[in-house]
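Novice: One structure coming up, written as structure tokens, with questions to follow.
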Amino acid sequence: MFRVAIPRSALNLHSCLLHVTLSLVLISKAAITTAGNEDSDVREARSVSDQQVVHPVDCVISDWSAWSRCDTCQKKRYRYAKLDQPSQFGGEPCHFHDMEDEACDVPDRYTCDSIPLCEGFLCTQTGRCIHRTLQCNGEDDCGDMSDEVGCKKVPKPCRQEAEEYWGIENLAKGINILNSNLEGLVLDNRYYAGSCLPQYIQDVRFRKPHNLQQYTLETKGSYDFNVQSFESYSDYMDYSMRERMTQTIVSIGFAIPGIAEFGFNYNNAKVTRSIQKIRRASSKINSFVSAKAELELAQYMLRSDDLMLHPEFLQRLRSLPQAYVYGEYRQIYRDYGTHYITEAALGGEYEHTIILDKEKLAKTDYSLEDYKSCTQAGLKIGANIYGVYVSAGIEGGSCNGLLNEMGEDTAIGSSVEDFVAVVRGGSSESITGLVSKKLPTPQLMRLWGEGVRFNPDFIRKTTRPLYELVTSKDFSHDATLKRNLKRALSEYLAESSSCRCAPCHNNGVAVLRGTRCDCVCPTGYTGRGCEITQRKKQIATDGSWSCWGAWSSCSGRKMSRSRQCNNPVPSDGGLACRGLQQESTDCF
């Protein structure tokens, strides 16, 4: 492990303000590049085998559900349709509207009581209940300014001016755990409840929003290099997935379909490109050296209770029918994501993976451990590579020659087959420099470390499901609403999971985009099902989960379900499925 510290003097006030600017933070924009010897083993494009033929699958939509009963509060009834079969391999797509409502009459004997009794001031438009002392205080505590109407004298809310946390509103957005996209605002992080409680960061006064328990900025940044070597693709992928799963803690109540691909945004071309390169290396003849650096700059934590919801999100939840109608509840998850962020660490992350050809490596005097040691030396800030020694007999035992090989374009006969560089956080200049090098220089790493302060990103986060934001403070029928939202989340994740797609050939990844399944093919493989290749090497196939089976009947207030690792079955040394095969949860 090697560490480089960024001096406190470098963290001036402007950089602090900028690096907490989360306008660029929370939409993870990972820069990724790869390069390698694409011409090796190239021949005329062909199908890998005569058996690998793909047949178009047409999209199929279910019939309309029955109309729901007339909702007392909304005076509407609803119906919906679901995706029965996504299209794949060039099949006919679906063009449809999957939810409808129409006006209906409610008998006079029924009354609407969706808003709980307010013992303070009930805001006119948003329906928010605030303390009466917040009226006429010069701030929009209601979210519609109704608490400031008719005020004769409006005092200043705080005696001293205070800065607002830059980008704090972005942390209030929901997040879709299937693709890591940030969606609509679910929390109001510009609500202060009249408090002027200050927080000082390097002598600058910040005003703490009501929803926040903690927002801490580091006054000194540092990053560590962790260098690992892996004998095989399966070893590397197993380690990578375990690392990724520890970066996002998800409370959900039941497992996530397709957890092996959890959190990847396959709509991001740069993310897709890195996956294509790594999965191409699933043959048995590849080894890996991975170096990872992390720079943590800030921590964010919500309070545990009494959260103030964003007015629009509050109104959307209150407009849901009291009876369970999947189509209406599904739309909440489409618009606002599935979860909200309760804790986050902000900063930067850099991962550099070198893909080695084991057959060529065996013909040299180098070992996998030599590559690991020299990579570690080459990434050490200020390191003297001439002082690091490897296998005896290698040009005096110095890392110099090996690092030169890793730093130049891949040459014929080189053991370095390819590399993948992933950068999160940092300036455009530093990212461009890092992803264009096979082995980054210490100068580029320092430049990236400085850039992270101005443009940090998520490096770890903890999330909880949206339905946990439903409390009796804001909703009359909170128990029913929460139960319906939990049930809808299970249905939504099942309907939107890529497990519904047929397997792609040659270790391609099947991805459900809307109503269409696409195959993300390893580099060197093409076709709608990755069935065409210009390569002769056989690659492994990683296993993937089937969709979850139906929930069992409720017994002892519990129900269970299971799934199989057969979509596809792992073969030729491919990775086994990770995650639960069986699970149980409370009845809902």
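A Cβ is built for glycine as well, from the same backbone N, Cα and C atoms used for every other residue.
Keep in mind it's a predicted model, so treat the numbers as computed, not measured.
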Novice: If you check Swiss-Prot, which of CYS136, CYS142, CYS158 bonds to CYS151 via a disulphide?
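Specialist: It is CYS136, per the disulfide annotation in Swiss-Prot.
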Novice: Going by Swiss-Prot, tell me which one of CYS504, CYS530 is disulfide-bonded to CYS521.
Specialist: CYS530
Novice: Which cysteine out of CYS104, CYS112, CYS129 is the one Swiss-Prot pairs with CYS118 in a disulfide?
Specialist: CYS129
Novice: In Swiss-Prot, one of 258-265, 290-297, 354-361 is tagged transmembrane segment. Which stretch would that be?
Specialist: 258-265
Novice: Can you tell which of CYS517, CYS519, CYS547 is bonded to CYS499 by a disulfide, based on Swiss-Prot?
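Specialist: Partner cysteine, according to Swiss-Prot: CYS547.
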Novice: When Swiss-Prot marks a stretch as transmembrane segment, which of 248-255, 320-327, 488-495 is it?
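Specialist: Feature transmembrane segment in Swiss-Prot: residues 248-255.
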Novice: Would you kindly list the residues that approach the domain 'LDL-receptor class A' (115-152) from elsewhere in its chain, counting only those six or more residues past its ends and only Cβ-Cβ distances under 8 Å?
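Specialist: Same-chain contacts beyond the ends: 188, 191-194, 308, 310-311, 314-315, 318, 472-476.
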Novice: Cα-Cα separation of CYS547 (disulfide bond) and ASP141 (Ca(2+) binding site), in Å?
Specialist: 45
Novice: What does DSSP assign CYS374 (disulfide bond), in three states?
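Specialist: DSSP call for CYS374 (disulfide bond): helix.
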Novice: Given the recorded positions LEU134, GLU148, CYS530, which lie close to CYS142 (disulfide bond), meaning Cα to Cα within 10 A?
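Specialist: So the list is LEU134, GLU148.
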Novice: Using DSSP, would you call ASP141 (Ca(2+) binding site) helix, strand or coil?
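Specialist: In the DSSP reduction, ASP141 (Ca(2+) binding site) maps to coil.
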Novice: Can you tell which of the disulfide-bonded residues CYS59, CYS374, CYS530 lies nearest to CYS517 (disulfide bond) in space, using Cα positions?
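Specialist: Closest candidate to CYS517 (disulfide bond), judged by Cα separation, is CYS59.
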Novice: Other residues with Cβ within 8 Å of the Cβ centroid of LEU134, ASN137, GLU139, ASP141, ASP147, GLU148 at the Ca(2+) site?
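Specialist: Apart from LEU134, ASN137, GLU139, ASP141, ASP147, GLU148, the close residues are ILE130, GLN135, CYS136, GLY138, ASP140, CYS142, GLY194.
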